[in-house]
Amino acid sequence: MTDHLTIVDHPLVQHKLTLMREKDTSTAGFRQLLREISLLLAYEVTRRLPITTRWIETPLTEMQAPVIDGKKLALVSILRAGNGLLDGILELIPAARVGFVGLYRDEETLKPVQYYFKVPTQLEDRLTIVVDPMLATGNSSVAAIDLLKKAGATNIRFLCLLAAPEGVARMKQAHPDVPIITAAVDSHLNEKGYIVPGLGDAGDRMFGTK
Ligand code: URA
């Protein structure tokens with residue numbers, strides 16, 4: 001993948017995203033839609049995985065058949081909202097290795113601080129897909145990718161549901177080698193760092209918290 005930003009404009013993705021944006025969508029509905037949309041986004045983020053072939057036997061004959069090449073993918077969820085995207089993707093790629101990055105915002109410096117970091121081994125040999133539904137300021141995704149690069153990852157893609165132009169620009173400046181795959185880029189961030197029009201707090205909406 002070379003394009004820095006891919007917007008998945010598939011009608012199913014756009015329709016489901018609209019339902020997720022609506023403020024009266026229930027927690028159960030939101031969660032179900034996120035699971036469905038994550039399958040469609042996973043299809044897009046894995047589109048250009050390297051392929052090799054191996055000999056198999058069908059009931060009729062032998063053939064050289066395509067299979068995905070290389071080491072198992074690493075999926076890395078940025079806690080906690082990333083887990084909503086992760087669950088759906090794991091249904092499609094059940095053998096993927098999984099990591100978690102936990103970051104909170106220091107209220108004085110406003111910088112992300114790491115409180116949890118556990119990732120698969122041999123990241124240097126794996127495609128690493130970082131998942132977080134909302135790319136807002138870009139602070140946490142940039143920090144998470146900094147940590148993953150320090151841990152050895154060299155081939156990283158960032159998958160989100162919604163992005164703000166500010167977050168896309170920040171990622172492009174900090175990590176121009178990391179393609180972003182998203183369902184939409186919205187208008188702007190408000191003064192509290194929410195994406196507008198957005199869908200609200202993705203974590204609260206998927207877990208029913210406030
Ligand atoms: N995180 C969210 O959950 N929603 C936003 O709008 C921005 C960041």
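Note: Cβ is positioned from N, Cα and C throughout, glycine not excepted.
For 8-209, the entry in TrEMBL reads domain 'Phosphoribosyltransferase'.
Under the heading 5-phospho-alpha-D-ribose 1-diphosphate binding site, TrEMBL lists ARG80, ARG105, ASP132, PRO133, MET134, LEU135, ALA136, THR137, GLY138, ASN139, SER140, ASP201. DSSP assigns SER140 (5-phospho-alpha-D-ribose 1-diphosphate binding site) to a helix.
For ILE195, GLY200, ASP201, ALA202, the entry in TrEMBL reads uracil binding site. Neighbours of ALA202 (uracil binding site), defined as other CB atoms within 10 A of its CB across all chains, total 25. In the three-state DSSP assignment, the secondary structure recorded for ALA202 (uracil binding site) is helix.
For ALA136 (5-phospho-alpha-D-ribose 1-diphosphate binding site) paired with ASP201 (uracil binding site), the C-alpha to C-alpha distance reads 11 Å.
For the binding-site residues ARG80, ASP132, MET134, GLY138, SER140, a Cα to Cα distance of within 10 angstroms from ASP201 (uracil binding site) holds for MET134. The sparsest Cβ neighbourhood within 10 Å, among the listed binding-site residues (GLY138, GLY200), is found at GLY200. The binding-site residues under consideration are ASP132, ASP201. Their Cβ neighbour counts within 10 Å are lowest for ASP201. All chains included, 24 other C-beta atoms sit within 10 angstroms of the C-beta of ALA136 (5-phospho-alpha-D-ribose 1-diphosphate binding site).
Checking the binding-site residues ARG80, MET134, ALA136, ILE195, ASP201, ALA202 against ligand 1, the ones with a C-beta less than 6 Å from an atom of that molecule are MET134, ALA136, ILE195, ASP201, ALA202.
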